[in-house]
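According to Swiss-Prot, the protein carries these features:
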TOPO_DOM  1-57  topological domain 'Extracellular'
CARBOHYD  25  N-linked glycosylation site
CARBOHYD  39  N-linked glycosylation site
TRANSMEM  58-85  transmembrane segment
TOPO_DOM  86-95  topological domain 'Cytoplasmic'
TRANSMEM  96-119  transmembrane segment
TOPO_DOM  120-132  topological domain 'Extracellular'
DISULFID  131-210  disulfide bond
TRANSMEM  133-154  transmembrane segment
TOPO_DOM  155-173  topological domain 'Cytoplasmic'
TRANSMEM  174-196  transmembrane segment
TOPO_DOM  197-222  topological domain 'Extracellular'
TRANSMEM  223-247  transmembrane segment
TOPO_DOM  248-274  topological domain 'Cytoplasmic'
TRANSMEM  275-296  transmembrane segment
TOPO_DOM  297-311  topological domain 'Extracellular'
TRANSMEM  312-333  transmembrane segment
TOPO_DOM  334-380  topological domain 'Cytoplasmic'
LIPID     345  S-palmitoyl cysteine
């Protein structure tokens, strides 16, 4: 979900000594406490000193968090994509959207090592091309994640509130087409990030920053414009659509005891709806804090206290952490994903369990069963 935070992380601060690290100077849409003004001059000396008292332990802690996010997120999301590709029964409309979300999260986790290095070195040592790529991946991840979650919510709304229309709309093919459209739409921002992104040497402090490069004479205007656009189109509007969809779904679920002609199918429908709701809720919880910081900064009410700067760092880390949480949620909340994960990790054990189950079913037929031979719930 989900995540221009990386641009912030790719931007070094004015100084970083063993005793204190300044907040990185950012040309992204994130708050900038020690940022250069429209003329390119660094903030006042008193302001810099005021914002400089950040414990050197903070970059180390955040680097440790990013290391966990990198391993869990990359492995977990790769496993999710493999499972959806490998197992035919997993190719449902909902899972096609989950594949898209996993792809975006897996891509952004690949930037974690670079972001960690910047936190520790307080400079961008990887060159201009890689800077453009990292910034672009950040914006792609942010927009594709929230757009995909929005479409998943709309998909659930149609499945719950308009089951007849769902037969035509909710197909794997149409879900794939929508995913392609999401990436094309996100490209309007991602390609712009490639064009505008780049490195800049700050000779006054002898560091290299990786950020969006706006014209110096119009820097403040473009910076504010970028923050407002991201806040509105990548957070406010999608979240409002999601809230409307789930409000209508809750009203529908409360008013009807049985959504379909089968109790088992109805259970699966509610189960998948709950899964999507949890994934969306976790995304909003992880990303709301940093968006609040953005809103506060845009209103000009920033603080240079140690607590504020430390909170800012960890809100960014929280946003990135979301990229590693979804595979864990699938494993705990969805029986089909859990079964496929176990089948991949423990193939011999799962094969023996299936053989045992098949022998029992051959002996005692259960006409009410809604599970296939592999033990998977039928897709809804």
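Here the Cβ of each residue, glycine as well, is placed from N, Cα and C on the backbone.
On the structure: features taken from Swiss-Prot.
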residue: 131; record: disulfide bond; DSSP (3 states): helix
residue: 210; record: disulfide bond; DSSP (3 states): strand
residue: 345; record: S-palmitoyl cysteine; DSSP (3 states): helix
Taking all protein chains shown into account, the Cβ-based neighbour count within 10 Å for residue 210 (disulfide bond) is 32
Quick note, residue 345 (S-palmitoyl cysteine): same-chain residues at least 6 apart with CB under 8 Å of its CB -> none
When each of 58-85, 96-119, 275-296 is checked against the transmembrane segment (174-196) for Cβ pairs under 8 Å, which one has the most? 96-119
Give the number of CB atoms, excluding that of residue 131 (disulfide bond) itself, located within 10 Å of its CB. 25
Any idea what the model's mean pLDDT is for the topological domain 'Cytoplasmic' (248-274)? 77
